[in-house]
Amino acid sequence: MADTAPQLKRKREQEAEEAETPSTEEKEAGVGNGTSAPVRLPFSGFRVQKVLRESARDKIIFLHGKVNEDSGDTHGEDAVVILEKTPFQVEHVAQLLTGNPELKLQFSNDIYSTYNLFPPRHLSDIKTTVVYPASEKHLQKYMRQDLRLIRETGDDYRSLTLPYLESQSLSIQWVYNILDKKAEADRIVFENPDPSDGFVLIPDLKWNQQQLDDLYLIAICHRRGIRSLRDLTPEHLPLLRNILREGQEAILKRYQVTGDRLRVYLHYLPSYYHLHVHFTALGFEAPGSGVERAHLLAEVIENLECDPKHYQRRTLTFALRTDDPLLQLLQKAQQP
């Protein structure tokens, strides 16, 4: 999917910190809606400083670069650019082999041969996600780091995690831009406008919307002040039920994918602290869908029906990077 700089403002995340692909939290490149008109990157020049992370499996690379060095600022500005090979589109793949495709032989033995095939321009796009200007937090976020599992009690959350989160400058203005139709209004698949129990459903930027195998949408609630799973009580059950039922119905209507082919879940810890729910194709191993982070929405609803304070009391397990100050806070508090 060829996103403009305004659209790219929306990964994440996502993504999940353990994720190898960007998600709806890549929002830092501007505000606005997409266009098919030719566009330019929101900066001039790009001098690679460091490869932050790469994955041959996922065919993705994260680059830190200096930009705008010719604008009078001798030091330039920091930017992160994420390059990702896009999935094949089944309806177009035959075009790669018709006519006289440009090929370079790599290997041949009996009936087996391997080539490098150089596709035409319209079939060789690379998804490019831009984070600009990028802060030190962004550079650390995209750098590969070791992870550790930690168990957080309800008391840990109230005394350590919540104060730590409140001390951080975690802007979610991009979320409000979507909810207020200031950005990406044309990408909204479905909306329940109720200010308390409504939400918008929008494709995650990790999904190019060209095939259903990696379908990925996000439901973002209109109601403000619900940070995460830990805040949920029976008061929020109407909202959660609406997201589950209406989200599945909207996806069935738009994409002909039934609810039993969807994984519908919340992250804990989330990538950003405004309640949102992930809808992914069941066969897609989406970043952050592992047992240490994903909580199925249907089970969240049932837990709240059985115990109104379930998520205030329950011990939750999740992964943190080894350089995350929150990990050190929790580990120190849990030392015997």
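From the backbone N, Cα and C atoms, a Cβ is placed for every residue, glycine too.
According to DSSP, W174 (substrate binding site) is assigned to a helical segment. A 10 Å cutoff on Cβ-Cβ distances gives W174 (substrate binding site) a total of 24 other Cβ atoms nearby, all chains included. The substrate binding site annotation in Swiss-Prot covers W174, E184, D204, K206, 267-278, and the record cites similarity to another entry as its basis.
Under the heading N-acetylalanine, Swiss-Prot lists A2, citing similarity to another entry as support.
Look at Swiss-Prot and you will find S23 tagged as phosphoserine.
The region 'Disordered' annotation in Swiss-Prot covers 1-36.
Residues annotated as motif 'nuclear export sequence (NES)' in Swiss-Prot: 141-153. Note on the motif 'nuclear export sequence (NES)' (141-153): residues 17-18, 52-53, 62, 64, 80, 82, 131, 161, 292, 315-323, 327, 330-331, 334 of its chain, located 6 or more positions outside it, place their CB under 8 angstroms from a CB of the stretch.
Marked as motif 'Histidine triad motif' by Swiss-Prot: 274-278. Summarised by DSSP class, the composition of the motif 'Histidine triad motif' (274-278) is 0 helix, 3 strand, 2 coil.
DSSP assigns H267 (substrate binding site) to a strand. One residue stands out among the binding-site residues L269, L275, V277 for having the most other Cβ atoms within 10 Å of its Cβ: L275. In terms of local Cβ density within 10 Å, H267 ranks first among the binding-site residues H267, S271. There are 27 other Cβ atoms within 10 Å of the Cβ belonging to D204 (substrate binding site). Counting every protein chain shown, the Cβ of Y273 (substrate binding site) has 17 other Cβ atoms within 10 Å.
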